[in-house]
Number of protein chains: 2
Amino acid sequence: MSSELELKAVNTIRLLSVDAVSKANSGHPGAPMGMAPAAHALWTQMKFNPKNPEWINRDRFVLSNGHACALLYSLLHLFGYPLTLDDLKSFRQLGSKCPGHPEYETPGIEVTTGPLGQGICNAIGLAMAQAQFAATFNKPGFTLSDNYTYCFFGDGCMMEGVASEAMSLAGHLQLGNLIAFYDDNHISIDGDTNVAFTEDVAARLESYGWDMLYVKDADTDLNAISDAIAQAKKTSKPTCIKITTTIGYGSLLQGSHSVHGAPLKADDVKQLKKKWGFDPEKTFEVPQEVYDLYAKVGEAGAAAEAEWNTLLEKYTVEYPELGAELKRRLAGELPETFIKDLPVYSVDDDAVASRKLSEIVLSKIEKNLPELVGGSADLTGSNLTRWGAAVDFQPPSTGLGEYSGRYFRFGVREHGMGAIMNGFSAFGANYKVYGGTFLNFVSYAAGALRLSALSGHPVIWIATHDSIGLGEDGPTHQPIETLAHFRALPNLMVWRPADGNETSAAYLKAIESKHTPSVIALSRQNLPQLAGSSIEKAAKGGYVVYEASGDAQLILVSTGSEVAISIDGAKKLAEAGIPTTVVSMPDFHTFDKQSLEYRKSILPDGIPIMSVEVMSTAVWAKYSHVQFGINRFGASGKAPEIYKYFEFTPEGVASRGKKTVEFFKGSKLLSPLNTPFDSVTM
Amino acid sequence: MSSELELKAVNTIRLLSVDAVSKANSGHPGAPMGMAPAAHALWTQMKFNPKNPEWINRDRFVLSNGHACALLYSLLHLFGYPLTLDDLKSFRQLGSKCPGHPEYETPGIEVTTGPLGQGICNAIGLAMAQAQFAATFNKPGFTLSDNYTYCFFGDGCMMEGVASEAMSLAGHLQLGNLIAFYDDNHISIDGDTNVAFTEDVAARLESYGWDMLYVKDADTDLNAISDAIAQAKKTSKPTCIKITTTIGYGSLLQGSHSVHGAPLKADDVKQLKKKWGFDPEKTFEVPQEVYDLYAKVGEAGAAAEAEWNTLLEKYTVEYPELGAELKRRLAGELPETFIKDLPVYSVDDDAVASRKLSEIVLSKIEKNLPELVGGSADLTGSNLTRWGAAVDFQPPSTGLGEYSGRYFRFGVREHGMGAIMNGFSAFGANYKVYGGTFLNFVSYAAGALRLSALSGHPVIWIATHDSIGLGEDGPTHQPIETLAHFRALPNLMVWRPADGNETSAAYLKAIESKHTPSVIALSRQNLPQLAGSSIEKAAKGGYVVYEASGDAQLILVSTGSEVAISIDGAKKLAEAGIPTTVVSMPDFHTFDKQSLEYRKSILPDGIPIMSVEVMSTAVWAKYSHVQFGINRFGASGKAPEIYKYFEFTPEGVASRGKKTVEFFKGSKLLSPLNTPFDSVTM
């Protein structure tokens, strides 16, 4: 039986959520009202310290149905996180700590959610990280990591394909540290879920290798929920607790989709408050005994953290090396060795495909960088993402690896991989997570990549086969619009290195990054080492890689596999009496962060600038007066033949360079970097 | 028992595929060798006419594991489609009819596949279209439509989330006309599927509402495959026949991932040919009796089509109205009424959100346009995609609709919706298919949208909530990079109408389109009707919507909700002595198709041009000298406050316009439309 106080606490959560939505006159009251009992039962047994939301061994909670965030904000407030009633009152207003969907930057919010399906995948990433972390650092008598990851999700998440990908993998990985609650409320925006969603969710999850538990009346039966949680902790599989709830429980319109996405009517709110013993004239009312009840949870969490800190000190004595490593990682610092582990090339070194150069980087840096973990979406042999001695991250029972393994077999699941990486990165402990696929198929994960950038998870995409240069696989696999898309995303580095030094620079910046994710676009075909490149220069995002002999009459600006072609084109142009400089621009985002003075030294006034890249020209006018690119889909054939077909040869570059110089003869050209005002980037 | 001739036919398919891959020295021999028996058993009972691959009542075949396309090309050749042995010999070469993955334009190829997961969803779209078509036109004694849709798919497709979305919907929709073969070969690129994929596929499909059948030895047991097909045709659910095959069957390396994605060794090919009674020294050998065997299938198909044509003539007599409609649609013609059904607005009409204007268009045109079908990914009430009297497309047994219904409840499945639309469109009969979601979540479907553009399926995305103007839902829902991404995609119209006339123009072009898909970006907030707009002008993609009084010193170029703001900004600038013209540019793609003369009349030399749009500026330098946009993520709050915060107000536009004019004072400006050469668009 639930105590009166517990029921009051549940109703406080419900009413805070209702009041927040009503005050904003915008938002979703129904799901918070339905899920408040589960939230109460869960959070009162969770381990966390609201005074230090970053404690590495806290239990994680992810609200995958992020539109229900009034629930999460109410919980954070009631359990003592730094979120005030005034914050709740500013729900969904400009500048609020309580935006329309939960955002990572608010303390206590583990991941940004709202785009459906993402949160459950983030939770799976968090659970994978815990398993890897525990297997790496736990020792007999020193259980430094044993937290659980909990997740609420609804029908919407379950319909999204990204969830299918990650949930199947979670089953395969036997993530017993993951407990998810499926809010079976039968309502989505189009009405009853039976208009589109009549699958047997439980059978589906079981087919993935999950355990299922059921709470038939999760509107009132708190004990049943608690029992299910206790039961779920006992298994070595991920568990889903299917809770049958009434959306908008208590409202006069409960159980209908009218309570899903709009505030309750004023009368309805009043009858709710009266019914539950609250003052119908008051809003945002919190009985002191509810605060007191929940404060105990925070106090227990603080004590647990203190105990953990003591344990860590003992551990550091017993295992000085591992202890030091752990402390370094918790401080967010890279090992001093990192930079000098990066390979350096000179012009005499062999031509190598940049996907292979990437493999060399991984192989050189991994030893001193145990926080480096990653994998591929079933393209290991093509992406070259696995260093020789890597151990797979696998349940030991499979005989295929260990949980301490650092290589992930994601399966053909790009979107799931992206969302899992976000969760993994959000775990903390300085994890540097990467995922491999063909550049063209990073687009399958656009929803997750966007959230990496929005939340600032410094994950890394190893995106090989980065152009028409992949050859025979043809236009279905050849990126055209892809880099334009990614370069238009705020807070994303999009590296396309031209040789070995540039590949090292890309990894340098990607791994040093604390809040910006990276896509590293890599070639299938061999690329020569350039005389003019260096890690230091490339790490500025753009630099002169080939200087014109004499006053330049033309600047070519290029990336990746086209830089060497541009240099050869520049040599031809010089022969024809047009001294030409070549700028390599491996990452726009990093270049844009340099001083205007530096940038204008690279792309100065007075000289025509022509971009050279074998894909959409759409974003190149930012740095050039004229663009040479491919604004159509590619072709299937041998790579050199395709390059020739599209005229991406030294001759093709030179003839267009000549036309460009003639076209602008006599004009007073300004560098495109000159602008009368900054485009808004507040 | 399989006859000797049948086995010879199967081995001919295998060897043609092997030879094609060897000749190209690139491609995937393993899956064709494993799936040849199923292909033989299936194609010999399929109904199609290779002399007319467009016959509307043909059975459809989709190879979802498109990398196995050597199989498909072999079949098309052997069964008499216009694909010669020479074509097969040019497999994966530049200009070949047999590119690295199958492409829609090749006769007999129903949809482009290769990007995993798409094909099975296309097949579901094809099956939905058949159900809708049959329910619309079949009459007692006149079964004009009864074709099946068949699909081969493998582990890779099953891992992709997009397949999960569509397969769940297919189960819900009880598509008994869909029969899919799951190639359970246990191999993917990373090796044995047990490294990442240990779910119970059959149980999962059953949870979606599919029937499962099994063929345990699909390497040799042709009869078992045929029996399974016969059995599958009897049920009123989609059926999956799980066939256990040996990848690379017959090769010395059969069953290993070495035969997945690389040619067999020469010796291996020789032993194969010897073993199967072929000449080991010959390549591309086809026994005449195999041609003869397969010719019978085509002859039967031609006869069936002739019979069908006779039936159609009788039908036209019995049902003159429906018959005429059907003939019109088969001819790919729109009804004459279409254009005059489009609503026209004048400046005195109310301000209306463009999502609502879109609803008005749908409501006005649907009656005379029965080929217009569509739905929403669970955002019907927000996207406003359903006209008042619409009937849902549902299995009649649900009591929720009919198969003749034209409104789809896609569920929260954006990517699945996109891929289903492609299949639906590929069915023929002039179907105009649309799908609704928030603009930001079209990105979830990037993989399918790309294939719409690549294949030229003229589907329509109704993409509402198109900017920060959606307000409180915040940055997780506010597009920033989205239009830059879509505008960089070749062969895609991306409309962002500014008012009622422009919304009608967007639909005019989208529905008239035969080979170009459209995204129509629509506002949540109200937009005033503009004095200077008309359907005709907007249908050019860009036009002067507000003319400066006097010689313009500045041109503002804008789209959607920012056009009215720009006009108000222009009025302020005029007051300040800067006559300003405003260009509305609702679709770049359409504008680019106009003559240079027309385009330069809109964006002439000599006047500074400033773009105004509340999202990434990345692609705007193509049409402007200066860009005003938002190169960061948005914010949660009331829409008018967010617009003010980012300074997208008449004042904010005017102050930047002023700076732009000052900045370029004295410069001889060229229109950005001037270029020394065309960027490659061969």
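From the backbone N, Cα and C atoms, a Cβ is placed for every residue, glycine too.
According to its DSSP assignment, A:Glu414 (active site, proton donor) is helical. Cβ contacts within 10 Å of A:Glu414 (active site, proton donor), excluding its own Cβ and spanning all protein chains shown: 34. The active site, proton donor annotation in TrEMBL covers A:Glu414.
Other Cβ atoms within 10 Å of the Cβ of A:Arg355 (substrate binding site) number 24 in total over all chains. Here TrEMBL flags A:His28, A:His260, A:Arg355, A:Ser382, A:His465, A:Asp473, A:His477, A:Arg524 as substrate binding site.
Per TrEMBL, the feature domain 'Transketolase-like pyrimidine-binding' maps to A:352-529.
Take the CB of A:His28 (substrate binding site) and look out to 10 A: across all protein chains shown you find 25 other CB atoms. Annotated site 'Important for catalytic activity' per TrEMBL: A:His28 (among others), in sequence order.
For the recorded site, A:His260 (substrate binding site), the DSSP three-state label reads coil. Sequence-distant neighbours of A:His260 (substrate binding site) (same chain, six or more apart, CB under 8 Å from its CB) are A:His28, A:Gly30, A:Ala31, A:Ile187, A:Ser188, A:Ile189, A:Ile247, A:Gly248, listed in sequence order. Annotation comment: TrEMBL describes A:His260 (among others) as site 'Important for catalytic activity'.
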Tell me, how many other CB atoms lie within 10 A of the CB of A:His477 (substrate binding site), whichever protein chain they belong to? 22
If you average per-residue pLDDT over the domain 'Transketolase-like pyrimidine-binding' (A:352-529), what number do you get? 98
Where does A:Asp473 (substrate binding site) sit in DSSP terms: helix, strand, or coil? helix
Mind giving me a neighbour count for A:Ser382 (substrate binding site)? Other Cβ atoms within 10 Å of its Cβ, every protein chain shown. 19
Round to the nearest Å and give the CA-to-CA distance linking A:Arg355 (substrate binding site) with A:Glu414 (active site, proton donor). 18
Diameter of the substrate binding set by C-alpha atoms, the set being A:His28, A:His260, A:Arg355, A:Ser382, A:His465, A:Asp473, A:His477, A:Arg524, in angstrom: 49
I'd like to know which binding-site residues lie near chain B: of A:His28, A:His260, A:Ser382, A:His465, A:Asp473, which have a CB under 8 A from one of its CB atoms? A:Ser382, A:Asp473
Rounding to whole Å, the Cα atoms of A:His465 (substrate binding site) and A:Glu414 (active site, proton donor) are apart by 15
For A:Asp473 (substrate binding site), the nonlocal same-chain Cβ neighbours (under 8 Å, six or more residues apart) come out as A:His465, A:Ser636
Rounded to a whole number, how many Å is the Cα of A:Arg524 (substrate binding site) away from the Cα of A:Glu414 (active site, proton donor)? 19
What's the CA-CA gap between A:Ser382 (substrate binding site) and A:Glu414 (active site, proton donor) in angstrom, rounded? 15
Taking A:His465, A:Arg524 as the binding-site residues to compare, which has the smallest set of other Cβ atoms within 10 Å? A:Arg524
Taking DSSP as the reference, which of helix, strand or coil describes A:Ser382 (substrate binding site)? helix
Could you measure between A:His477 (substrate binding site) and A:Glu414 (active site, proton donor) for me? Cα positions, answer in whole angstrom. 14
